[in-house]
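Copied from TrEMBL, the annotated features are:
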- 39-109: domain 'UBR-type' (DOMAIN)
- 39-109: zinc finger (ZN_FING)
Amino acid sequence: MDGAFDDEAEPVVTIREYLEEVEERELEADLVLGGDDGKECTYSKGYMKRQAIFSCLTCTPDGNAGVCTACSLSCHDGHQIVELWTKRNFRCDCGNSKFGEFYCKIFPNKDVENVENSYNHNFKGSYCTCGRPYPDPDAEEQVEMIQCCLCEDWFHEEHLGLESSAEIPKDDEGEPMYEEFICKACSEVCFFLKLYPEEIWAAGKQPDATVQI
């Protein structure tokens, strides 16, 4: 009985702290899903400014189609799904001509093709300049990846062309301090970026990426 009350006291959380944590989680979910509640196909909303997109490699192994959250859950349950985070100006492809005889269970009447959609190798489950999947089954440790704000591809820190990830500006807690990241390919298109001095380039080598501070 002497040690019955010797356990460390559980941390006390106030109502305000709890509500702030809930609000933070809701905001994070909104950023991930692009405001999509996942209950209905987003096709009728057209080319949405931002929404969570998934690629079904079971139905479209060539990686030339993307589906919304609701369709990934209702129409492609049990399939090999690739989570792509969010994409801009994208319309759900589920059940169109790219899926052959497969039709969308939620919104079957769709155009043959969404001509304004754009696709990259992420839709095949490949990322970065190395073209590896994420998570990488052959990697001993899953390293952090950074998304280009223009092409929306994902890159490993070790493949940004920096001598080390220490060259990326971080705060006292180790969190990155930059607002947006632009990859090498996109920075070459946006040639005006080279006029700005607040860039971090790989020391002594051709830059693979630009970090906007």
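Numbers here mean position along the shown chain, with the first residue as 1.
Just so it is clear, glycine is given a Cβ too, placed from its N, Cα and C backbone atoms.
For the domain 'UBR-type' (39-109), the DSSP-based tally of helix, strand and coil residues reads 12 helix, 16 strand, 43 coil. Confidence for the zinc finger (39-109), expressed as mean pLDDT, is 95.
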